[in-house]
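The following features are taken from TrEMBL:
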{"type": "DOMAIN", "residues": "9-198", "note": "domain 'Thymidylate kinase-like'"}
{"type": "BINDING", "residues": "Gly11, Pro12, Glu13, Gly14, Ala15, Gly16, Lys17, Thr18", "note": "ATP binding site"}
Amino acid sequence: MTKGIFITFEGPEGAGKTTVIKEIHHRLQQLGKHSVLTREPGGIRIAEKIRTIILDNDHEEMDGRTEALLYAAARRQHLTEKVVPALEDGAIVLCDRFVDSSLAYQGYARGLGIDEVLAINEFAINGVMPQHTLYFDLPPEEGLARIAASGDREQNRLDNEALQFHKDVCEGYRLVRKRFPERIETIDATGSVKAVTEIVWERVASFIS
Ligand SMILES: Nc1ncnc2c1ncn2[C@@H]1O[C@H](COP(=O)(O)OP(=O)(O)OP(=O)(O)O)[C@@H](O)[C@H]1O
Ligand SMILES: Cc1cn([C@H]2C[C@H](O)[C@@H](COP(=O)(O)O)O2)c(=O)[nH]c1=O
C-alpha cells in the first residue's frame, strides 16, 4: 500500500494544466510538503524518448494501436521508476496527464475503443490509479488558440490534428468523466491563470488536509 497521494491533471490541448500545476507544486513546496511534479508521456529518461517518437511530426504514418501501446509503455516505465517510488516515500505526486488521456485520445478520438485501450493500460499500470483527477474544462478551439498565441511551443503531431479530432477528444473525456465520477472532478478552465489556479489550489488543499 502506498503512503502518498497521486493526483492527475487532464484536459484538452492548451487548457492550462502545465501552467497551473507548476504553481501548485511551488505552493506545496513552500508549505514544506514533499511534492513531485511529473508528466506523461515522459517524466523519466526512457519515457521522454518514447514521447519524442510518439509526438514527432515526421511520424505521421504511426498506426493508432502502435500509438496506444507506446503511451502505455511509457506509462509503465514512468510508474515503476518514478511515480510508485515517490508514493511509497509519502510524496504528493502531481502528474500532467495519465491514463484518462489514453482513453480520450486513443480510445475515443482515434476510435480504438475506450474499453480496449483501458484493457492494455490495466496491464501497464497493474492497479496503480490516481486518488484524484482534475479535468480542465475548456472548448478545444480556445485551447488551440492559446497555444497558437503563445508562440513558445512547437506544435507536435497531436496538436496538429484537425479540429474535429480535438472535439472528439473532449467528447471522449466526457464519457470518461461519466465512467469515473467518484475520481474525476471538473474545473472551469475558461478563467484567467490566477482564477483557475485558485480553484485548483482549493481542491488540492482539500485532498491533502
Ligand atoms: N487561464 C489561461 N488563460 C489564458 N492563457 C492561458 C491560461 N492558462 C494557460 N495559458 C496559456 O496557454 C498556453 C497553454 O498552456 P499550458 O501549456 O499550461 O496548457 P496545457 O493544458 O498544459 O496544454 P497541453 O496539454 O497542450 O500541453 C500557454 O501559453 C499558457 O501561458
Ligand atoms: C498521456 C497521453 C498524452 N496524449 C497526448 C496529449 C497531447 O497531445 C500529447 C502530450 O503533450 P502535452 O503537451 O504534454 O500535453 O500527447 C495522448 O494522446 N495519450 C496519452 O495517453
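Placement of Cβ uses the backbone N, Cα and C atoms for every residue, glycine included.
Note that TrEMBL annotation is computational and uncurated.
Note that the structure is a prediction, hence the values are computed from the model and not measured.
Apart from Gly11, Pro12, Glu13, Gly14, Ala15, Gly16, Lys17, Thr18, the residues listed for ATP, the same chain places the Cβ atoms of Phe136, Leu138, Gly143, Arg146, Ala189 within 8 Å of the centroid of those Cβ atoms. Neighbour list (Gly11 (ATP binding site), Cβ cut-off 8 Å, at least 6 residues apart, same chain): Lys17, Tyr135, Phe136, Asp137, Leu138, Gly143, Tyr173, Ala189. Taking a Cβ distance under 6 Å to any atom of ligand 1 as the criterion, the binding-site residues Pro12, Ala15, Gly16, Lys17 reduce to Ala15, Gly16, Lys17. Taking Cβ-Cβ distances under 8 Å and a sequence gap of 6 or more within the same chain, the neighbours of Glu13 (ATP binding site) are Pro140, Gly143, Leu144, Ile147, Leu158, Asp159, His166. Each of the binding-site residues Pro12, Gly16 was scored by the number of other CB atoms within 10 Å of its CB, and the largest score is that of Pro12. Sequence-distant neighbours of Ala15 (ATP binding site) (same chain, six or more apart, CB under 8 Å from its CB) are Phe136, Asp137, Leu138, Gly143, Ala189, listed in sequence order. Taking all protein chains in view, 27 other C-beta atoms sit within 10 angstroms of the C-beta of Lys17 (ATP binding site).
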